[in-house]
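This report concerns only the one structure given below.
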Amino acid sequence: MNLNNEPIRAKRGTALTAKGWVQEAALRMLMNNLDEEVAEHPDQLVVYGGIGKAARNWPSYHSIVSSLTTLDNDETLLIQSGKPVAVFKTHEDAPRVLLANSNLVPAWANWETFHELDKKGLTMYGQMTAGSWIYIGSQGIVQGTYETFAECARQHFGGSLKGTITVTAGLGGMGGAQPLAVTMANGVAICVDVDRSRIDKRMETNYLDIVAHTLTEAIEEAELAKKEGIPLSIGLVGNAAEVLPEMLDRGFVPDIVTDQTSAHDPLNGYLPKGFTNEQGQVLRREDPQAYISLAKKSMAEQVEAMLELKKRGAIVFDYGNNIRQVAFDEGIRDAFSFPGFVPAYIRPQFCEGKGPFRWVALSGDPADIDKTDEVILQEFADNEPLCQWIRMARRHISFQGLPARICWLGYGERARFGKRINEMVASGELSAPIVIGRDHLDAGSVASPNRETEAMKDGSDAVADWPILNALVNTAAGASWVSVHHGGGVGMGYSLHAGMVVVADGTAEAARRLERVLTTDPGLGVVRHADAGYQKAIETAKATGIVIPALAREGKENG
């Protein structure tokens, strides 16, 4: 257990605990992942996404903390599935930490094998940003969720969700962004979760507006708000596998239907219908196989209801939790007849190297984030959608843990922003260094055929070289810490992905690292999509001077 049994909270201010700011940044971000304001179950080291953890167990956590505190500026700490396994002498431009989480040999890459190894204390589920120490609470996915719903509005509802009702489920660390994202797009949302504490947490952080005690009340509130054209988010305690069929029985068809339950993990992330949380915990402990079987059956029934709502006119899409795959495996042959959110709404942004870029103020002072917001508004004043996002984020988003900001910046923009931030740290305009990172859900850092790389133009959905190349090139470029994970978002066997973090500490060395890393990282996203044949990515590469040998050869041959 935690040695002093006190809540974990990252240190604030400019006094160092570690030997350098990069090590200090890793230490603070590890602790921030487990802050009670941030993590879903910090007492279990669980950050978000079912059982996505920051460290394998408490001894490993304390060993990591100790290692980061004593790590020299030319050493690298190796983390194997949440456990520190070695410190090697490297060099000052090398990452201070390299992490590999949840990786299994492909033929063994399934939940059954993972759970066996997990019970033996040999592995840990890192999700995406849980095990890579760059989770910032629900804000981390808010803009991506907003961009998804905004694009859905552009394609189907004339550019706004005003006068529409979205029904979704799952209000955990990721799904909790949905109600705020929908209301930011001027829509109405009914958000279902089996766990009242999750609903309460979203209320506390102003992501949810109200709580309905019955489905009848939720529908009445939603229809009234829709009629009046006002944005409103409604939390409803319930099981989506029961609520969606009941909506069908009542003849209630929402405008949009999706789902962000933790369906990627049938044992720990989804409650079978007919069970209370307490009953589910007992069955999970006493007969996990029976629990998994019932959970999968319930998922299939939920997907059947989603398919029927689609037939009745709702816009339905998968939000990347692999629920369609489970339903398909359970015999629902048309489970994939509604699309995933990436091919439906997000991929064009990936072609420009855009994705969920984020930064965190190690000072703990919200004023530092206010100043970085101003940088975005000044440096990118010609990008009105981006500036509009920053203005909305300032108005609506509450910080969880260390103050942070998320916004989707693309190739060229990230390096430009990083340079400016480093200058502000150097001048003292910002009171302490800034951590810059991103979600693993990014343009060139993930292979996930049921999510980020679904329906690739050239059929390369399952090609997993790209996240490996991403981790390698970011390591070579001098990222502060780099991670390679398996199974995030969609579960064991369905994804490989990489993360990176780079620290702006105001030094000339940091400036060079920032320039390299914030170029190679989004650059590979452009390359990955250009290689798959996306014209927008090819044009972006040509316009920005990214060297792609195949394109260069084509140019010479055509010239």
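Just so you know, glycine gets a Cβ as well, placed from its N, Cα and C.
As written in Swiss-Prot, here are the features:
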type: BINDING; residues: 49-50, Gln127, 173-175, Asp193, Arg198, 239-240, 260-264, 270-271, Tyr319, Gly489; note: NAD(+) binding site
type: ACT_SITE; residues: Cys407; note: active site
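Structure with Swiss-Prot features highlighted.
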residue : record              : Cβ contacts under 8 Å, 6 or more apart
Gly49   : NAD(+) binding site : Gln127, Met128, Ala130, Gly172, Gly173, Met174, Ser262, His264, Asp265, Gly269, Gly488, Gly489
Asp193  : NAD(+) binding site : Ala169, Gly170, Leu171, Gly172, Gly175, Ile199, Gly235, Leu236, Val237, Gly238
Ala240  : NAD(+) binding site : Ala169, Gly170, Val192, Asp259, Thr261, Gln302
Tyr270  : NAD(+) binding site : Thr261, Ser262, Ala263, Ala295, Ser298, Met299
Cys407  : active site         : Gln143, Phe357, Arg358, Ile376, Leu386, Trp389, Ile390, Ala393
- Query: What is the total of other Cβ atoms whose distance to the Cβ of Ser262 (NAD(+) binding site) is within 10 Å?
  - Reply: 27
- Note on the structure: Excluding its own, the Cβ atoms lying within 10 Å of the Cβ of Gly173 (NAD(+) binding site) add up to 30
- Task: Across all the protein chains here, work out how many other Cβ atoms are within 10 Å of the Cβ of Gly489 (NAD(+) binding site).
- Result: 27
- In which DSSP state, out of helix, strand and coil, do we find Gly49 (NAD(+) binding site)? coil
